[in-house]
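Undergrad: Would you mind keeping the following structure in view while I ask a few things?
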Amino acid sequence: MYVAALFFLIPLVALGFAAANFAAVVRKPEGTERMKEISSYIRSGADSFLAHETKAIFKVAIVIAILLMIFTTWQTGVAFLLGAVMSASAGIVGMKMATRANVRVAEAARTTKKIGPALKVAYQGGSVMGLSVGGFALLGLVLVYLIFGKWMGQVDNLNIYTNWLGINFVPFAMTVSGYALGCSIIAMFDRVGGGVYTKAADMAADLVGKTELNLPEDDPRNPATIADNVGDNVGDVAGLGADLLESFVGAIVSSIILASYMFPIYVQKIGENLVHQVPKETIQALISYPIFFALVGLGCSMLGILYVIVKKPSDNPQRELNISLWTSALLTVVLTAFLTYFYLKDLQGLDVVGFRFGAISPWFSAIIGIFSGILIGFWAEYYTSYRYKPTQFLSKSSIEGTGMVISNGLSLGMKSVFPPTLTLVLGILFADYFAGLYGVAIAALGMLSFVATSVSVDSYGPIADNAGGISEMCELDPEVRKITDHLDAVGNTTAAIGKGFAIGSAIFAALSLFASYMFSQISPSDIGKPPSLVLLLNMLDARVIAGALLGAAITYYFSGYLISAVTKAAMKMVDEIRRQAREIPGLLEGKAKPDYNRCIEITSDNALKQMGYPAFIAILTPLVTGFLLGAEFVGGVLIGTVLSGAMLAILTANSGGAWDNAKKYLEAGNLEGYGKGSEPHKALVIGDTVGDPLKDTVGPSLDILIKIMSVVSVIAVSIFKHVHLF
């Protein structure tokens with residue numbers, strides 16, 4: 001009873017904290033009438049897109065839920081819908097906050113002319129998204145655990161279940177897989193839809209506004225300016241929040257699935273009797289342990305967030321954000337050590353599942369995950385921040401022309417793949433050394449255990465960026481834009497760590513889900529056989545090799561589709577901007593207003609049209625290949641997708657980020673003799689335009705592709721293991 005109360009209490013407190021912060025921000029003044037007008041344009045555009053997107057998503061979600069109920073269990077379908085609702089709720093709440101906080105940040109900067117008060121409003125607004133991600137994710141998972149796991153007895157019955165179609169699975173593993181899939185589907189739609197929206201508007205605004213019309217960033221004469229600012233909220237707040245919520249849930253669920261299948265797999269046949277090598281009590285503790293771990297992390301995140309909100313405003317935003325993030329991380333590390341030891345210390349059979357140092361073993365794996373995430377974040381910052389040589393060199397190469405910018409940007413991205421990959425390799429090996437495959441899953445959870453703070457920091461950046469756009473469009477004092485730009489720059493630096501955690505956790509979780517895929521193939525006839533014979537994928541099997549090739553190819557086709565989706569929408573926007581510049585008298589002189597709504601309609605319509613196909617690729621690839629060629633082929637597909645997708649995600653994120661910051665390096669006055677409007681600047685604007693869909697659409701979506709394909713495969717493997725054409 002007390003445990004159940006604790007389970008509910010922490011997510012509810014987090015959501016209550018988010019509601020309090022929402023109310024506190026909304027009470028702050030919005031500024032001048034012009035500021036209110038611009039803010040209302042951004043807010044209505046974002047709300048309209050999100051409403052249409054949500055309707056489209058839930059039509060698909062209901063169909064998937066019905067299919068899950070038919071082919072697996074009704075509990076899986078219900079859990080899927082719950083995951084979709086929780087993920088969508090976090091995105092809606094976070095974006096509504098962001099579109100209300102932006103103008104209030106600009107007003108705080110305008111009235112005080114200080115960084116501290118503006119930082120406080122921006123971070124308090126961002127914390128609503130962060131707390132919503134942690135709160136809604138864990139509230140849904142706790143409901144699944146308590147209702148289906150405890151009340152309906154799925155955690156007590158860990159034997160293989162055979163449903164009416166003859167499909168074999170462990171019921172609770174199937175149910176939590178449904179919850180994870182619900183979160184993943186929302187993340188895919190939000191990331192793709194938001195990514196197409198924001199980058200199409202961004203590309204069009206840059207291509208015409210900066211290079212043809214010589215208009216500065218966020219100039220009110222540019223018809224795409226409002227759409228660009230709407231896109232920041234749709235893609236960088238709602239999309240990012242759904243992405244990290246899905247990663248967070250995926251890390252927890254992969255741990256639960258692995259633990260659930262340990263009971264039927266670790267069985268020894270002695271004579272005619274089957275003896276479980278790992279007691280049921282141990283398995284049940286390993287199932288609930290990752291949920292407790294995540295709850296502790298959420299509690300620590302609230303303390304880290306509270307530090308910035310209650311403290312006296314500071315003019316050093318980098319220090320404040322770092323203290324918030326590392327306070328959350330340090331508290332999580334310390335408190336989870338106590339949790340791990342006292343929760344697992346009396347359990348038997350831990351050595352059988354790979355715990356090398358007894359009860360404390362998974363905590364070591366979690367620490368490996370945290371340090372791996374920090375290191376991957378450092379590499380992301382090293383290759384993309386203009387404080388370091390790679391991006392400085394890229395910026396200087398613009399003097400030689402656009403071709404050199406593109407070539408050097410690609411070279412930088414390719415070279416940047418190696419250090420984080422080596423970090424991942426070592427992290428996986430050490431996590432596995434401490435606690436086996438379960439430890440690898442816990443390492444992913446360790447990276448994201450303080451996700452509420454990470455998302456708060458990441459969401460603060462787009463809010464500050466929007467505030468800068470509003471100040472520019474309202475022609476406020478240049479000092480206001482200077483303050484918001486400083487806040488945005490700090491957010492971009494800190495967000496590099498967040499991207500490292502997102503990419504790293506995706507790979508760790510994908511490996512755990514792949515192990516879950518192998519575990520999920522077990523049938524009642526396999527019980528008692530050595531695990532090494534049951535969990536076998538023959539790399540010399542032609543089906544496995546062929547599947548790996550197809551899986552690798554899928555990631556490139558998927559990426560190509562996303563880039564073309566962005567560019568098609570951007571081309572329509574470019575035509576519209578040119579039309580308005582040509583046909584609206586006095587527009588470029590500032591004597592007439594552009595038709596902002598027409599640009600919003602174009603980007604919104606195209607984003608909504610393009611977001612469904614990538615999700616169907618992710619869902620149908622394992623299903624179609626599985627029913628055609630069987631479980632071994634799908635195992636190969638997953639290997640190819642993970643390996644190729646991980647490398648491509650790092651490459652696109654870092655090339656795109658470097659092109660963006662190389663442009664900012666010149667704009668900051670670091671290339672003597674060359675400023676805005678010069679030929680090197682135009683070359684860097686083109687490089688930034690090329691990188692836009694790579695870093696903010698392709699890279700993040702690849703992470704989700706990997707996890708959706710893995711979860712769908714885990715759910716369906718027991719079907720196409722026995723039912724396939726060839």
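Keep in mind that glycine also has a Cβ here, set from the backbone N, Cα and C atoms.
Pasting the relevant annotations from Swiss-Prot:
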BINDING   Lys199, Lys695  substrate binding site
BINDING   Asn229, Asp232, Asp465  Mg(2+) 2 binding site
SITE      Arg191  site 'Important for ion transport'
SITE      Asp236  site 'Important for ion transport'
SITE      Asp243  site 'Important for ion transport'
SITE      Asp696  site 'Important for ion transport'
SITE      Lys707  site 'Important for ion transport'
TRANSMEM  2-22  transmembrane segment
TRANSMEM  47-71  transmembrane segment
TRANSMEM  74-97  transmembrane segment
TRANSMEM  123-153  transmembrane segment
TRANSMEM  169-197  transmembrane segment
TRANSMEM  236-261  transmembrane segment
TRANSMEM  285-309  transmembrane segment
TRANSMEM  321-343  transmembrane segment
TRANSMEM  437-463  transmembrane segment
TRANSMEM  493-520  transmembrane segment
TRANSMEM  631-658  transmembrane segment
TRANSMEM  698-722  transmembrane segment
Undergrad: Please indicate, using numbers and ranges, the residues of the same chain that are 6 or more beyond the transmembrane segment (285-309) and have a C-beta under 8 Å from a C-beta there.
TA: 6-7, 10-11, 13-14, 17, 21, 119-120, 123-124, 127, 130-131, 134-135, 138, 141-142, 145, 149, 155, 172, 248, 251-252, 255-256, 259-260, 262, 320-321, 323-329, 331-332, 335-336, 339-340, 343-344, 347, 353, 362, 366, 438, 441-442, 445, 448-453, 456
Undergrad: Return the residues near Lys707 (site 'Important for ion transport') by Cβ distance under 8 Å, restricted to its own chain and a separation of at least 6 in sequence.
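TA: Once residues fewer than 6 apart are set aside, Lys707 (site 'Important for ion transport') is near Ala180, Ser184, Glu246, Ser247, Gly250, Ala506, Ala509, Ala510, Leu513.
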Undergrad: For the Mg(2+) 2 site given as Asn229, Asp232, Asp465, which other residues of the same chain have their Cβ within 8 Å of the site's Cβ centre?
TA: Ile42, Asn102, Asp228, Val230, Gly231, Asn233, Asp236, Pro462, Asn466, Gly468, Gly469
Undergrad: Identify, in sequence order, the residues in the chain of Asp232 (Mg(2+) 2 binding site) that are 6 or more apart from it along the sequence and have a CB within less than 8 Å of its CB; answer 'none' if there are none.
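TA: Correct list: Thr198, Pro462, Asp465, Asn466, Gly469.
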Undergrad: Can you work out which residues elsewhere in the same chain, 6+ from the ends of the transmembrane segment (698-722), have a Cβ less than 8 Å from its Cβ atoms?
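TA: Long-range Cβ neighbours of the transmembrane segment (698-722): 68, 71-72, 76, 165-169, 173-174, 177-178, 180-181, 184-185, 187-188, 191-192, 195, 239-240, 243, 246-247, 250, 253, 257, 502-503, 506-507, 509-510, 513-514, 516-517, 520-521, 523, 554-555, 558-559, 562-563, 614-615, 617-619, 621-623, 626-627, 630-631, 634, 637-638, 641-642, 645-646, 648-650, 652-653, 656.
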Undergrad: Do any residues, 6 or more residues outside the transmembrane segment (631-658), come within under 8 Å Cβ-to-Cβ of it, and if so which ones?
TA: 380, 383-384, 390-391, 394, 409-410, 412-414, 416-417, 420-421, 424, 496, 499, 503, 506-507, 510-511, 514, 517-518, 521, 537-538, 541, 543-556, 559, 621-622, 625, 691-696, 698-700, 702-703, 705-706, 709-710, 713, 717, 720-721, 724
Undergrad: If I take the alpha carbons of Lys199 (substrate binding site) and Arg191 (site 'Important for ion transport'), what is the distance between them in whole Å?
TA: 11
Undergrad: With Cβ-Cβ distances below 8 Å as the criterion, list the same-chain residues six or more beyond the ends of the transmembrane segment (437-463) that contact it, or say none.
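TA: Distal contacts: 14, 94, 98, 101-102, 105, 122-123, 125-131, 133-135, 137, 232-233, 236-237, 240-241, 244-245, 247-248, 250-252, 254-255, 258-259, 262, 286, 290, 293-294, 296-298, 300-302, 304-305, 321, 324-325, 328-329, 332, 336, 353-355, 361-362, 364-370, 372-373, 427-428, 431, 487-488, 491-492, 494-495, 497-498, 501, 504-505, 508-509, 511-512, 515.
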Undergrad: Short question: which residues 6 or more past the ends of the transmembrane segment (169-197) have a Cβ under 8 Å from it?
TA: 49, 53, 56-57, 60-61, 64, 68, 72-73, 75-88, 91, 137, 140-141, 144, 148-149, 154-155, 157-161, 163, 227, 230-231, 234-236, 238-239, 241-243, 245-246, 249-250, 253, 256-257, 260-261, 263-264, 287, 516, 520, 562, 565-566, 569, 603-604, 606-608, 610-612, 614-615, 618-619, 693, 696-698, 700-701, 704-705, 707-708, 711-712, 714-715, 718
Undergrad: Is it possible to get the count of other C-beta atoms within 10 angstroms of the C-beta of Lys199 (substrate binding site)?
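TA: Lys199 (substrate binding site) is surrounded by 32 other Cβ atoms within 10 Å.
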Undergrad: Given the recorded positions Arg191, Asn229, Asp243, which one's Cα is the least distant from that of Lys695 (substrate binding site)?
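TA: When the Cα distances are compared, Arg191 comes out closest.
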Undergrad: Counting Cβ atoms within 10 Å across all protein chains shown, which of the recorded positions Arg191, Lys695 comes out on top?
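TA: When each Cβ's neighbours within 10 Å are tallied, Arg191 leads.
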Undergrad: When you scan the chain for residues with a C-beta under 8 Å from the transmembrane segment (236-261), skipping those not six or more beyond its ends, what do you find?
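TA: Residues 50, 83, 86-88, 90-92, 94-95, 98, 129-130, 132-134, 136-137, 141, 158, 170, 172-173, 176-177, 179-180, 183-184, 186-187, 190-191, 193-195, 198, 283, 286-287, 289-291, 294, 437-438, 441-442, 444-445, 447-448, 451, 454-455, 458-459, 461-463, 465, 498, 502, 505-506, 508-509, 512-513, 515-516, 519-520, 522, 696, 700, 703-704, 707, 711, 714 contact the transmembrane segment (236-261) from elsewhere in the chain.
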Undergrad: So what sits near Asp243 (site 'Important for ion transport') in its own chain, CB-to-CB under 8 Å and at least six residues off in sequence?
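TA: Same-chain residues close to Asp243 (site 'Important for ion transport') (Cβ under 8 Å, separated by 6 or more) are Ala187, Asp190, Arg191, Ala502, Pro700, Asp703, Ile704.
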